[in-house]
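Per TrEMBL, these features apply:
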type	residues	note
TRANSMEM	B:33-55	transmembrane segment
DOMAIN	B:34-209	domain 'Heme-copper oxidase subunit III family profile'
TRANSMEM	B:75-94	transmembrane segment
TRANSMEM	B:103-121	transmembrane segment
TRANSMEM	B:141-171	transmembrane segment
TRANSMEM	B:183-206	transmembrane segment
Amino acid sequence: METKEHKFHQETGFPWKHVIGLLLSLVLTAIAFWLALATHQPPAVVITIIVVLGFGQLLVQLYMFMHFTESDDRAWQVPTIYFALFIAFTVVGGSIWIMSFRSIVS
Amino acid sequence: MSNAHTAVHGDHHPVDPSIPVEYHEEENSLRIAGFWVFLGSDLVLFSCLFATYVVMHGRVAGGPTSQQLFDVTGFTIETIALLFSSFTCGLATYEMRRGNRNAMVTWLFITVALGLVFLGFEIDEFVHNVSIGATMQRSGFLSAFFTLVGTHGCHVTMGTLWMLSVIIQLIRYGITPITARKAFIVSIYWHFLDAVWIFIFTVVYLTGKVV
């Protein structure tokens, strides 16, 4: 019988992973707030950067807090979530693209 | 199958100490995997609401714009509350795996309290908006705004009630494979809601202040 691979984070000692996750999310949030509210860069530049920072925050949640890669067999949630993100990107990105085309035409 | 089932139930010590308690039965692994599939579908649901909001953002129909409407102090406090609640919720899972029921329940209570702080500020914002005439039916922008932010707020409301029910079960039954699985699932749900909020404060609030 094949042995299953176990990939679990052992919870020993101080919860460094969680503290680092919190600090990362606070720093990314602070940068986004500062860029949007305290600087006067072109809106397109600010929005692009803060959306990228948002994806960084999503990765922090997934990998530092949500035990994303853990499983007692195979981590099926990883392809599931990335597929859902692909659909989300298609829906949102596609909508922005289509509507920007409409504003060019009109 | 039934032998393995009773063996796990009857034994209070972990079968394999490298496997966390919430994975101690095959059904638990399946339920956790199934919940990840739900999170994937919920992510797609929110992406549709985000797409609608992005398209509708400029359609204010002569009503209030996002720059006039959004209150920086309010959404900053909401953001900080939810970020810290995600951290305390993670610590609850951490203590669960170490077998500290009391510490785990304490962190879950703090998480619920921070969730209520978030909800309080959001409800206050909605009531204020409605009181100055910025209602859901005022413009396309406000329809999309209340639908997106309200759907997230509805998720957080359900999350706090769900987490309270898990806390009651933890107090009554302690950390068993079943209560641990329930606590683990509600915790990944909570982290997911924080991730959705990150995109709401980015795409709705901060972007709404920029353009």
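The first residue you see is number 1, and the count goes up from there.
Placement of Cβ uses the backbone N, Cα and C atoms for every residue, glycine included.
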Contacting positions for the transmembrane segment (B:75-94) when only residues 6+ beyond its ends and CB under 8 Å are counted: 104-105, 107-108, 110-111, 114-115, 117-118, 121-122, 125, 156, 183-184, 187, 190-191, 193-194, 197, 201, 205
Non-local residues, at least 6 beyond the ends, that sit with Cβ under 8 Å of the transmembrane segment (B:183-206): 20, 22, 31-32, 35-36, 39, 42-43, 46, 50, 53-54, 66, 70, 75, 78-79, 82-83, 85-86, 89-90, 92-93, 96, 104, 108, 111, 115, 145, 148-149, 152, 155-156, 159, 162-163, 166, 170
